[in-house]
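Enquirer: Right, I'll just put the structure down here and ask away after.
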């Protein structure tokens, strides 16, 4: 299973069991973006502008 990850913003193989891609964005010294693989979707926090969780390879491109 592969997802885009930061800071490289390239598609990488996820560790076993981490089969959810995510992307979260928030403001702080400009727009901050974090992408990666997780076992469960992160909780939405009030400072986030955007949170995406998906189970299709590279869906967080």
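Glycine is treated like the rest: Cβ placed from N, Cα and C.
These came from Swiss-Prot, pasted as-is:
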| type | residues | note |
| --- | --- | --- |
| DISULFID | 3-21 | disulfide bond |
| DISULFID | 14-37 | disulfide bond |
| DISULFID | 41-53 | disulfide bond |
| DISULFID | 54-59 | disulfide bond |
Enquirer: Of all the disulfide-bonded residues given, 37, 53, 54, which residue's CB has the most CB neighbours within 10 A?
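Expert: Max Cβ neighbours within 10 Å, all protein chains included: 37.
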Enquirer: Anything within 10 Å of residue 37 (disulfide bond)? Look among the disulfide-bonded residues 3, 21, 59, comparing CA atoms, and list what you find.
Expert: 3, 21
Enquirer: When DSSP is mapped onto helix/strand/coil, what comes out for residue 14 (disulfide bond)?
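Expert: Looking at the DSSP assignment, residue 14 (disulfide bond) belongs to neither helix nor strand, so coil.
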Enquirer: Please report the Cα separation of residue 21 (disulfide bond) and residue 14 (disulfide bond) in Å, rounded to an integer.
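Expert: About 9 Å separates the two Cα atoms.
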Enquirer: Is any of the disulfide-bonded residues 3, 14, 59 within 10 Å of residue 53 (disulfide bond) (Cα-Cα), and if so, which, in sequence order?
Expert: 59
Enquirer: Let me know the most crowded of the disulfide-bonded residues, choosing from 14, 41 and counting other Cβ atoms within 10 Å.
Expert: 14
Enquirer: Using DSSP and collapsing to three states, where does residue 53 (disulfide bond) fall: helix, strand or coil?
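Expert: In the DSSP reduction, residue 53 (disulfide bond) maps to strand.
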Enquirer: Below 8 Å Cβ to Cβ and six or more residues apart, same chain only. Which residues does that give for residue 59 (disulfide bond)?
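Expert: In sequence order, the residues whose Cβ lies under 8 Å from that of residue 59 (disulfide bond) (at least 6 apart) are 3, 21, 52.
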Enquirer: Validating a neighbour-count step here. Other CB atoms within 10 A of the CB of residue 3 (disulfide bond): how many?
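Expert: That number is 25.
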Enquirer: Taking the Cβ of residue 21 (disulfide bond) as the centre, how many other Cβ atoms fall within a 10 Å radius?
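Expert: Its Cβ shell of radius 10 Å holds 27 other Cβ atoms.
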